[in-house]
Structures are given as structure tokens and as C-alpha cells.
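As C-alpha cells, the structure follows; a few thoughts come after it.
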Amino acid sequence: MTTFTSPLAETLAPDLLDRFLRYVRIDTQSTRDRTQSPSTPGQLDLSRLLVEELLAIGLGDAALDDNGYVTATLPGTGPTVGLIAHVDTSQDAPGAGVEPIVHRAHPGGKLELPRGGTVVDASAGDIVTSSGDTLLGADDKAGVAEIMAAVAHLAAHPELPRPNLRIGFTPDEEIGEGATLFDVGAFGAVCAYTLDGSDLGELQDETFSAEEVILTITGVDAHPGWAKGVLVNATRIAAEIVAALPPELTPEQTDGRDGFIHVYEITGGSGRIEVRAITRDFDDAKLHAHSALIEHTAEEVVARYPGATLDVQITPQYPNMRTYIDQFPRAVTAAEEAIRAEGIELVRTPIRGGTDGSRLSAMGLPTPNLFTGGHDYHSTREWASLQEMAAASAVVVRLAEVWARDGAPPPR
């Protein structure tokens, strides 16, 4: 889109862009090898900056806790509503040394970036990319910047209606730990919204349910020159297990409401191999069936190799948040009103993934997800539309008005 959705969005855009460009330059990649919270020190660099900026805006209780969570309050009238985004970025592409580029008035179509031979296929408008050899970090620094710009605007305009707004910036969302140490009781909101979506107008209240399956295969190691009758090769066993899984259930063969099985990491050697997989589905029974299929397949293959042993761990990661959000429908209808008030067509899609809202909803904080205007996440092709980002920030301001109206006393 080449124009802003409203004068409000156009007003928010300069501050929003300044913040976004500042945030993406900070390396905040999380790591699955987590031994502390947050899992990487770079996340704290951004979190400390956010506290400084929140205090400068006038949110005097802004604080960073020992686990890397930033919280703050913008007082208002009526219920308390949360706004949440995550500061970490994915491990799936390089994330250090991000050099953002703003492509003004892009006509739409392909953008060739200066590094890595990367070509981005972006919509028309003011487009932000990396230089081509790193991800951009719009997931989820677009959401962080949109919340910050909206809150700064509300703080600068006390005449604008707003409820009590609680701000939360979480670490380690990309490794599934963003909600692990989040204190829902202390946050004190009736509901919250993550800004962690993508396309303009998206409102999402349904995610995958998720499990992780870890197979540990122990073989019998031997020198390959004298291995006959002795070696039981765990690497070969792992390869057979993966090859035996249904190809039609892989991520590259599924879409829409299909679930999947994704083997994402194999480590070890001929004596011992660890296979890590994730399973996803919108239906819990199908989810459990996917995980059980991996287990049963592994058992059948390992049984053909005397001397080999198998250990299986199946761990829940996050639930489909729809079950919990349905118990508080106003969280969704208020967001629908805010999106329409900004003149945007509402887009309702399930999330083929998860957000912090998945677990927060199960923990008692209903948390739908809103769009951010970022696209092609977790890759060097990642890009963001300034016009869409400004629209998301404007929706936050509209959402504040909707909730303030809900909490206002009836007219006499």
C-alpha cells in the first residue's frame, strides 16, 4: 500500500520508523541452548533501552525484572488491557549486524538487496529490509515499535481516551519460552493483545497446539575397519526413522488447517544420535497422533537392530489459544471494532504457529494476536511495510479508545 490508512497512522509513522530502525540494529537472537532467562544477553540490551524510553515517555513504573521481562503502565479509565510483543529474533537466519534499508516509494515487486544475492518480493510503499545477509527482525521488533509509538502518542495526548494500559515486552518467544516466567497475576489485565502477526488487518484468535518429540537412539560403536558383527549404527537408524515418516505430513506439503511433523535437528554420531521434531495441529487429538506416530515409527525401526536402544520424550509446548479466548469474546470483538475504525478490512486467519498469547491465554490472560506489517519472517528476505506498520500502531490507539468507552460510566 502506498498511502497511509488515516491521518493518525501518518502522524505515527515517523516516530515508529525511528524506533524500529533503532531496535533492529540490536542483536537479540535467542538460542535453544537456554540456561538462563533471557537465553542471550543481547535481549537485555534492547530491554534496557525500552525501559529508558518508557520512562522518558512518562511511564514511571517501567521496569526490567530479573528474568528479562519489561513491564510498564499507562494509566487510564476503565479496565486494564495489555499490549505485548517479544524482543528476541529467530535463529533461522543470521541476526547480528543488521543494517536496515528504507526503500522509499517502492512501486511493488522485486527488490535486489546489496548483499547475499537476496531478492525480496514486496508490496508497493515504503519498504524496510535488511542489507540481504541477515534477517530484518520485524518479528517482532515491528510489534515492539508499534506499541511504543502508540503509547508515546497516547502519553503526549492525555485528552485521548484510553483504559489502563499494561505494556509487556517478553524474551525468548522464538524458542517457546516467552510466557514461561510471565507473571499474569502481577500484570493484572483482563485481556491482552500480542502484536506479532503479519498481513494488514489480521486478527487471530487461534493457533496450532504444539508438542516436541525428542528421540535418543543409542547404538553400539566400533572402529569401522573392524565393525562387522559389532557396529550398530545409530546414524543409520535415525535416517531410517526419518525416511519412514509420511512425506505428506511435512511442513513443505501442508497448509491451511493441516497439521505437520517437522524433524528440525539431528545431532550425534554412530554411537548415539538425538533426533528433534516438532508436531503441530489445530486439533489436539490429531496433534497427539502425530507425536505418537513418530514414537511408534522409531520403535519399529529400532526393534530391527539388536543392541540398539531408544528413549522418547514428548513435551507439550503450547495449546491452541482458541479454547481460552472463546471464554472472553470481548477481547476479539473490541479488536474487530478497532481495526474497522481505522478503515481496514478485517482478516481472520488461524496462526500456523504460536505466539506468547497461546500460553498466556491458557494461563488465564486471553491474548489474541494483531498484525504488524512484517513479512517473510525468519529469513534474509524479511521485509516490513511502513504504511502497514503505521496502521498497526494506529489500531492500538483505536483499541485504547474502544476499551476506554467500555469502561466509561453510562450517560445520564
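Cβ from N, Cα, C; glycine included.
For the Zn(2+) 1 site that TrEMBL gives as His86, Asp139, the extra residue drawn from Asp27, Asp33, Asp183, Asp196 is Asp196. The secondary structure of His86 (Zn(2+) 1 binding site), as reduced to three states from DSSP, is extended strand. Other Cβ atoms within 10 Å of the Cβ of Asp196 (Zn(2+) 1 binding site), summed over all protein chains shown, number 29. Residue counts for the domain 'Peptidase M20 dimerisation' (212-302) by DSSP state, with H, G and I taken as helix and E and B as strand, are 39 helix, 28 strand, 24 coil. Within 10 Å of Asp88 (active site), judged by CA to CA distance, lie the following recorded positions from the set Asp139, Glu173, Glu174, Asp196, His378: Asp139, Glu173, Glu174.
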